[in-house]
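S.K.: Dumping what Swiss-Prot says about this protein:
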TRANSMEM  11-31  transmembrane segment
TRANSMEM  37-57  transmembrane segment
TRANSMEM  63-83  transmembrane segment
TRANSMEM  96-116  transmembrane segment
TRANSMEM  141-161  transmembrane segment
TRANSMEM  212-232  transmembrane segment
TRANSMEM  246-263  transmembrane segment
TRANSMEM  275-295  transmembrane segment
Amino acid sequence: MLNTPFELVTSLGFAGFVLLLLAMPLAFWAVSSQSRAGLVRLLVAVANLLFTAQLILRWWQSGHFPISNLYESLCFLAWACTLTQLLVERAWPSPIVAAAATPMGLGCIAFASFALPDQLQSAAPLVPALRSSWLVMHVSVIMVSYAALLVGSLLSLAVLVTDRDQSLELRSSSIGSGGFRQAASIANGGSVQLQSVQLSTNEQLDSLSYRTITVGFLMLTVGIVSGAVWANEAWGSYWSWDPKETWALICWLVYAAYLHTRLSRGWQGRRPALVAVVGLVVIAVCYIGVNLLGIGLHSYGWFF
């Protein structure tokens, strides 16, 4: 019997965890058997709905947007990761996407549900510095950008796993989802028409990773700028070299380097994928590592 809103919030998170725990092995089985992953998408979609209900209930329970402590931000990140996964799968409904992305949402909600003590899972009043309309603008955009960058980087990791030293042609782009068109000469009339050519699995992953990371990078930029404006309003300084700020800048630079290699150098395949995987590690340090230090304005506190 669920007697309190807190118990219902945690139960919704646990239910989403169970669904993702079921979805992950099914996704890997679908990849190995080369079958469709419709059931996996259904499980992830229902889990996302449960996370949505969890966040709404937590918002009602606490009286503020549910992103003010580590538990709430992990639940929000799980919601954003599963939503990003569903959007990417809509562009390319392959079980490889589910196999690559589902572990991230699962890891976030598992950490929130099982690794954090009850006092960090409980709702608490906002500290005065966070009682600002910038909270929703800055933190939510940063968290959604993390979700897009994490999912995009996991797709890059999938490129490294599926790549067998294949050379990718420079024919995929950030626009389009399933293939490209090339000029083909028609023998009987000599006219030129556009003929659709399907991308390989590796090219699809490479293109989807690039597009997802591009969206995440743009949102990260907006999040950092909005945070600087908020900091200036609250403390009179745009930048204070707080540990989280420093690592957010490092994260931005890593993904800026990734996009530079794609746009200016024309890299595709393994080389930019390696840069994206470095970004995956940097996000982990920026998001979780800073909290282990227990210092800085952005730290959610020491929890060990």
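Any Cβ shown, glycine's included, is placed from N, Cα and C.
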S.K.: Which stretch from 11-31, 37-57, 96-116 shares the most C-beta pairs under 8 Å with the transmembrane segment (63-83)?
M.R.: 96-116
S.K.: Between the transmembrane segment (96-116) and the stretches 11-31, 37-57, 141-161, work out which stretch tops the count of Cβ pairs under 8 Å.
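M.R.: Most Cβ pairs under 8 Å with the transmembrane segment (96-116) come from 11-31.
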